[in-house]
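Taken from TrEMBL as is:
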- His66: active site (ACT_SITE)
- Glu114: active site (ACT_SITE)
- His118: active site (ACT_SITE)
- 1-26: signal peptide (SIGNAL)
Amino acid sequence: MKPAAAHGLLLSSLCLALCCRGGARGSPTSDSHEWKKLIMVHHWPVTVCKEVEKDCRDPPDYWTIHGLWPDRAEECNGSWPFHFEEIKDLLPEMKVYWPDVIHPLNHSHFWKHEWEKHGTCAAQLDALNSQKKYFGGSLGLYEKLELNSILQKLGIKPSLNYYQISDIKDALASMYGVVPKVQCLPPKQGEEVQTIGQIELCFTKDLRLRNCTEPGELGESGRAWGPGLEVCEDGPAFYPPPPQSTR
Ligand code: 5GP
């Protein structure tokens, strides 16, 4: 299938994916928490472990969900606490696709954090206005985006050889039809290159794919989304294999 056709198909199925999940609750909007785009943040578990300098025993060998984040808004409703009960039907998928990579024995603290920091802002949208809809909708977007199989198809696999960041961005842009954002850990002392950590794909408020940065818009160079992660510099980058396959 040509990329443009794949893009059209993707858009309609992404909307469908959101419409079919979750139950509703009133919208907790606040004018001081305005945002324009939603960012679907995928992270590479091997890099998450490296970032926090934790020797994770068995990190997933696929891209998992970090979160679904509105831009420019955080912690929009402190009086809407996380209730695990509301998403317990989603537990099997959550554990696989949205695990706490750092604390794999207790995921719910991470989910609580994501809900309170980002979900309460995303919940301004009718399609995401409950915990079940926010987490279920995020899972739906993740499944429809199929980042893991798209990277596979593009031949972009963890490797001891380096990739050019522009090659990865261009390849993803041709598949999705929009400009993604790729975040890296800058090289630590003694390292030659940056390490790929996050791939972000962005959505409009009506849940259509859009560019993460518009042509001519300045990238958010230097802006850290997590400790140590920054927009990747153009140039070579390491996409680290999971520990067992580095042998
Ligand atoms: P945010 O707080 O905006 O959701 O994301 C940034 C934070 O998430 C950073 O502090 C980063 O270390 C943390 N983080 C990234 N991945 C994980 C994870 O899998 N589990 C936990 N507990 N924290 C994570």
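Using the three backbone atoms N, Cα and C, a Cβ is placed for every residue, glycine included.
Location within the structure of each feature annotated in TrEMBL.
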| residue | record | Cβ neighbours (10 Å) |
| --- | --- | --- |
| His66 | active site | 27 |
| Glu114 | active site | 24 |
| His118 | active site | 25 |
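The DSSP secondary structure for His118 (active site) is helix. Taking the C-alpha positions, the distance from Glu114 (active site) to His66 (active site) comes to 8 Å. Secondary structure at His66 (active site), taken from DSSP and collapsed to helix, strand or coil, is strand. Distance from the CA of His66 (active site) to the CA of His118 (active site) is 11 Å.
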